[in-house]
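Here's the structure, in structure tokens; my notes come after.
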Amino acid sequence: MKRKLNELITMLELPPVPMSDGKQQQTFEHALLILERTRKEEMAKRSPLLNFFFRQMMYIGWKVWLCHAGLLLTALMLALQIPTDSFLGNGQVLAVISTVSPLLVLIGMRLLARSYAYRMVELEMSTYYSLEHLLLSRLCLFAIADFMGLAGLAGCLSLAWGEQLGYVLLYLFTPFTVSAAGCLWLFNQPRVGDKSSACSIFTLLLLAAQMAGVFRSPTGEGYLYEIQDEGTAFTVLLLILALSMTAAVVQLRRLLRIFRHHENAETL
């Protein structure tokens, strides 16, 4: 009985429900019109998508692009300075030169980690587009630049050594895709707080694994061992390339899905 009395008292204290009339409906319609007009104004303020895409080159900064070009030129000069007498020697030198690929990925991922950490702050300073578009555009710019750079490096080495371009491309792009897949996986781990440092540690481990595969010394004498079965190495690298590319696409889709979820939650 006391509980019902308390409920009645609470109901009496509530403000009365307003009666439905034409003014209330008119207010709702007017609010919807204002919201629609605001959205159209925001869309009009956006720059065209292609201009936005190329404008990100300015926000990335000339120092980052200079580091990319410096790494590629250093790798090319180092490869041409090391004397090689056979394709096996070229293959081993190429395995050493391929360590530049994870470093290219690391430069881009460290910048993307900054965009990931300072989410809406950098977004509001640079564009009216979503963080998903921001990350995807910069990732595409890095991918295009690195692809062109590594392809040019592979072409120069192929002409200098007189070897097949496919072998050179495979040696260069396999560690590149492995590094990209690993860094994107780290981006999707909520327990990893410092994405930039995590990507750096992963890249160092990958470089150590690459160098361990090149400088093999079962006898302990420290001599460079040449690849015994070229066909097997080609097959293994091709398999790793396919798996790492698939993993990178999966992790990228997952990362973009997380961004869309966060932005929808912030909108609500």
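Keep in mind that glycine also has a Cβ here, set from the backbone N, Cα and C atoms.
What TrEMBL annotates here:
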- 64-82: transmembrane segment (TRANSMEM)
- 94-113: transmembrane segment (TRANSMEM)
- 134-161: transmembrane segment (TRANSMEM)
- 167-187: transmembrane segment (TRANSMEM)
- 199-219: transmembrane segment (TRANSMEM)
- 231-250: transmembrane segment (TRANSMEM)
Segment proximity, the transmembrane segment (231-250) to the transmembrane segment (134-161), 3 or more C-beta pairs under 8 Å: no
Folded-back contacts onto the transmembrane segment (167-187), same chain, C-beta under 8 angstroms, at least six residues removed: 91, 94-95, 97-102, 104-106, 109, 112-113, 116, 146, 150-151, 153-154, 157-158, 195, 198-199, 202-203, 206, 210, 234, 237-238, 240-241, 244-245, 247-248, 251-252, 255
